[in-house]
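Enquirer: Below is a structure I'd like to ask you about.
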Amino acid sequence: MPLNIIGTALLDGTDKIPYYQTIKKVAPYVLATGAIKYWSRGPSNTWERKLHGKVYLVTGATSQGMGTSVAYKMAELGAQLIILTREVDEWVTEWCEELREKTKNELIFVEKCDLSNLWEIRKFATSWLDNSPPRRLDGVIVMSGDMEPWGIPKISLPQRRSSKDGLELQIATNYVAIFHLLNLLQPSFKAQPPDRDVRIILATCWLQVVGDINIEDPLWQNAKYKSALKFFASSKLQLGLSMMELQRRLTEDIKNQKTNGAERTGKNVTITMVQPGTMRSNSLRRVISNGSVVLLIILYCILLYPILWLFTKSGRRGDQSFLYALMTPELEEVNLKDTKVKYISDCSIVKFARKEFDDEELQKKLFDNTERDILQLEKKVAAKRNANKTGNQNSKKKSQNKSRKDD
């Protein structure tokens, strides 16, 4: 067909081509739209890596967007996945079975671990570490996160939601939970053999550039809730800074180990922050709709969707930078020039935008204060939990004694 059109234009002139004038007017707009869409979808990962026999902990895999796409690709390549979910209900069980069938990989499992609950995180980490010999672990892929509606100025103020531990939900889920999980799993990372390429890959967001760092109150327990965006951006910023310190600690501890008398470089365990780009994700839908179904239909689905389709990625296109971080040989020990945390955007390693990423003293203080405050909060919540348990037991005994007297 294109050859016939070109031949007609060359031999008989463009006047012989049907609807040529219409095509001439419309074509530039079509080409421009195609070019914008090609740019907005971002580059594709070109690396491949065999994952057979490798074991990964994965969060955010049930999102039906980027997380699901990454998990599907990893399962397809033969990886054993332990997927952490808030609940292991009927839907999650069916989803897991479907993923096994589609990828022909039976080594996909789901574990209950609510990342908004510090106690559940500690229970999971303790059960993971309570094994001899140490369990194999080739990486942790963190794609979970929470973004609360920003509210509408002068109409609808942002509503603060809290985790089970009383923390603001975005700080709890995006920062505290991931920090706590990875900090507790340090012994597992250090126990891996020197020839094992262990990759810890975490999702971040370009909005971190507008975040704040609360050194003295890193869990933001005493901060006023004026802006949901500020809490979200700060959670991502503090996560990135804390991971810089965690990487240094892991590297130094591994370097101090000796395997059969051989020195270790500590480069076999790497932490990478991935910025997948602006996607048409559940988070974006919640922000645009302000949590309203009516606004979701009118504003997102009808009015803004053509623009969003043109300038943003689909949730499944956002997986490319994650797959790049998982598969690129640039992060292998033999190719690493330094042990710093890497920042990946659009399938390439780029520099962090904030100057705080060069401040090691600030990162160390943030890490230490976060670790301290989490421990204090855990003790406080545990005391309350034990008090409630004791109260329930006493109430049960009283009711039993009363029923005996009545008999």
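Keep in mind that glycine also has a Cβ here, set from the backbone N, Cα and C atoms.
Here's the feature list from Swiss-Prot:
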| type | residues | note |
| --- | --- | --- |
| ACT_SITE | LYS236 | active site, lowers pKa of active site Tyr |
| BINDING | ASP114, LYS236, SER281 | NADP(+) binding site |
| COMPBIAS | 395-407 | compositional bias 'Basic residues' |
| REGION | 383-407 | region 'Disordered' |
| TOPO_DOM | 312-407 | topological domain 'Cytoplasmic' |
Enquirer: Expressed to the nearest Å, what is the distance separating LYS236 (active site, lowers pKa of active site Tyr) and SER281 (NADP(+) binding site) at their Cα atoms?
Expert: 17
Enquirer: Taking the Cβ of each of the recorded positions and counting other Cβ atoms inside 10 Å, which one has the highest number: ASP114, LYS236, SER281?
Expert: LYS236
Enquirer: Quick one: what's DSSP say for SER281 (NADP(+) binding site), helix, strand or coil?
Expert: coil
Enquirer: Would you report the average pLDDT that the model assigns to the topological domain 'Cytoplasmic' (312-407)?
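Expert: Mean model confidence (pLDDT) across the topological domain 'Cytoplasmic' (312-407) is 86.
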Enquirer: According to DSSP, folded down to helix, strand and coil, what is LYS236 (active site, lowers pKa of active site Tyr)?
Expert: helix
